[in-house]
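Colleague: Let me give you the structure first, and then I'll get to my questions.
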């Protein structure tokens, strides 16, 4: 923000000083020394800025803006000090000894605080862009950080931020007090047991439903604000679960703010909000590096068969009339009922795989592979109907993995989540490892949803193995060979289930019958839902060189 009476480079304009001299020529002689000091100071500041500009011209690399990007114009360069009015007052002060010296020797001070584009405004109606959902920033420019959209005020967000910091400090203090051998003792401490009971007590009334007055309040809020505000969440679930959700929202908003400050995304203007994919309109979760001309539209139209992305509904309609694809390219290696899996080589079908990676990045946080797809094989799961094979999800794996990773990236499309397809993809990846006679493990880091899915899958595999096991001595190596699960993943799952104990210098595996009975009851209740992989339906041989 430029100070009034300053030039674009942050220094006082010498021309304006000259004009003031001419207009004030009729003043008394007593004002002359002050005017001359002002003119000399502004001349020295202008000369200092020109010297800095000439020095910058000799530098081969362009100067960086506070966001880390090369500036697009001279107006983005911070030549003056962060407080221009303060520097001018020093130049005008006759008691300041430095006022009669050349200021060009002073080093340039860079701004270390956050820079905001004050022309940007939050898209939420009625919002003044002040405050932030995290309670740590003074302004926001996107819905993700808007307190008003989340039915909160800026002060409430600050109070919640202070409360969260206190809780984090308490948890950190408890973690530091634990010994390094704490993993050997899997029995919960008294504090953990007490906390678990408190959580169970707080969650008792979460399924009681809304009362009539509460329903009317929720409906009135929905009719008044529509999609411009978040629905009212109070009384829908327990206070404990609602606070967990608020923490997750604040953390996601903070991550987006860090990306904005680093320059990876702009204030909501270069991030795709929704995509039209087949008969679904999907809200995106993360930034994906689509070309800028597409990303700045905010909404993308994607062909669900060839994954080509377009700018408008009209272009998509014309494309669908001409598109001959009804299933992914590559070989169909599995089919049972309406579920099929296609093996797509990243080298043979480069464009399709790149489009698939760009699409997946909209829903994955830790994905870094976008364009270098040639060393990978993609296994795409589809569900068929009379219009074609619709994308359910996929996973990729390296053609030659030295660490025996059987999955590099895995995704279930949002419209197919919580229906068992994620476990089918994981089970299929381990089925390929069994055919290859290898032990596999997913590549780290896993996304939050991916970690939940894998832990659930490993738990189910181990409990099924325990249920069918009739011997007295069990070997982790034997479990690994039979299930193709990495021993490290087996041990971590046993520890989380409290089935691994350290006693007299040996690790013992406990067969907890209560967990096995609980798993069996769920398995019986689930019945035959056709959400399992049938090894006999696989028609696949390992590619050469793997």
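Heads up, the Cβ atoms here are built off N, Cα and C, so glycines get one too.
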Colleague: From the ranges 505-525, 526-546, grab the one TrEMBL calls region 'Disordered'.
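Modeller: In TrEMBL, residues 526-546 carry the label region 'Disordered'.
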Colleague: Can you give me the average pLDDT across the domain 'MYST-type HAT' (267-542), rounded to a whole number?
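Modeller: In the predicted model, the domain 'MYST-type HAT' (267-542) has a mean pLDDT of 89.
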Colleague: Below 8 Å Cβ to Cβ and six or more residues apart, same chain only. Which residues does that give for residue 443 (active site, proton donor/acceptor)?
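Modeller: Once residues fewer than 6 apart are set aside, residue 443 (active site, proton donor/acceptor) is near 403, 405, 407, 408, 409.
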Colleague: Excluding the flanking five residues on each side, which residues at least 6 beyond the ends of the compositional bias 'Basic and acidic residues' (212-228) place their CB within less than 8 Å of a CB in that stretch?
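Modeller: Same-chain contacts beyond the flanks: 124-125, 149, 234-235.
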Colleague: Just to be sure I understand, if DSSP states are collapsed into helix, strand and coil, how many residues of the compositional bias 'Polar residues' (527-539) fall in each?
Modeller: 3 helix, 1 strand, 9 coil
